[in-house]
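Record features, source Swiss-Prot:
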type	residues	note
BINDING	R27, Q28, A29, G30, R31, D77, Y154, S209, H327	substrate binding site
SITE	D77	site 'Transition state stabilizer'
Amino acid sequence: MAELKNDRYLRALLKQPVDRTPVWMMRQAGRYLPEYKATRAEAGDFMSLCKNQDLACEVTLQPLRRYDLDAAILFSDILTVPDAMGLGLYFETGEGPRFERPTDTIDSIKKLCIPDPEDELGYVMRAVSTIRRELKGEVPLIGFSGSPWTLATYMVEGGSSKTFEKIKKMAYEEPATLHMLLDKLADSVILYLNAQVANGAQSLMIFDSWGGALSHHAYREFSLRYMQKIVDGLTRHADGRQVPVTLFTKGGGLWLESMAETGCDALGLDWTVDIGDARRRVGNKVALQGNMDPSVLYASPERIHQEVEQILSSYGEGTGHVFNLGHGIHQHVNPEHAGSFINSVHELSGKYHK
């Protein structure tokens, strides 16, 4: 593997000194870029794009050709794991992901097999190794997975949901059944993420997109417990370096202290959290990633500049901050505004690292 030329992102996650705040964007390879749309059209559909290692590599690299980013993130989808379990993932126009065979009974959960990451998910591993090779050491590669709770919401509901009625009903009426599913998913995610590291991922992120839908006690029981299990089971060193782990619960501002106790290296923050307050609460234990509202990118470059300065100022001096959006970039954002955001972070952050 090529020697890493820019390790700013990895150093910030490990709270080591950096010259400026590193920056990347969730969904930085995505529909806001015309070149992404062209490659997706070439692939035919979303999952065909994910399953073609060369095209997945191409879209991963596209934002790095445009912007001065400090990390690349594997182009894939959190639902690759349940798809590999045989649920029959497909996408309905305007409705998002759906499963042909939801896992909403104890019998269906018992039948689930833990997928072999080098077999059923081999296309992801081939993409990881291809991307790592093609990056040529320019920036680190982030691997990722959905959290067990978030994956389970799609599996039990049969797709996207606004109310999570089916899975919450299961949580309160048949908690042992849900725990069986979450335990299988945690085991699957551990294997999946460790295989990503073995194939070249240099940092890992767990997306708990729907943890914020849970009550205080339910979050600990059904989400955090299984992210803890994953953190405990992950490969944390590869290529002579530590492999940092970031946990991100959207809507998880109430639970930062509990998340920081898991032994992860960093926490992702959504835009509802004040990053300065978060640093006071948990900054002695973990680095922080975030957390500009993605909608700010609809504003003028001048306003984007102001918002970046406000977040940098709130975090304050020193390392331990990876700048990002508070969630994925919106598909209708002007790509030039994304560039203004990234340039603003690099231009403004140097004074906080002297």
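Placed from the backbone N, Cα and C atoms, the Cβ positions cover glycine too.
Here the Cα atom of R27 (substrate binding site) is found 10 Å from that of D77 (site 'Transition state stabilizer'). Shown are the binding-site residues R27, R31, H327; the one with the most C-beta atoms within 10 angstroms of its own C-beta is H327.
Classification of R31 (substrate binding site) by DSSP places it in coil, neither helical nor stranded.
For the substrate site listed in the record, the two most distant Cα atoms among R27, Q28, A29, G30, R31, D77, Y154, S209, H327 lie 23 Å apart. With the fewest other Cβ atoms inside 10 Å of its Cβ, the least crowded of the recorded positions A29, D77, Y154 in this structure is D77. In the three-state DSSP scheme, Y154 (substrate binding site) is classed as helix.
For the pair Y154 (substrate binding site) and D77 (site 'Transition state stabilizer'), the Cα-Cα distance reads 13 Å.
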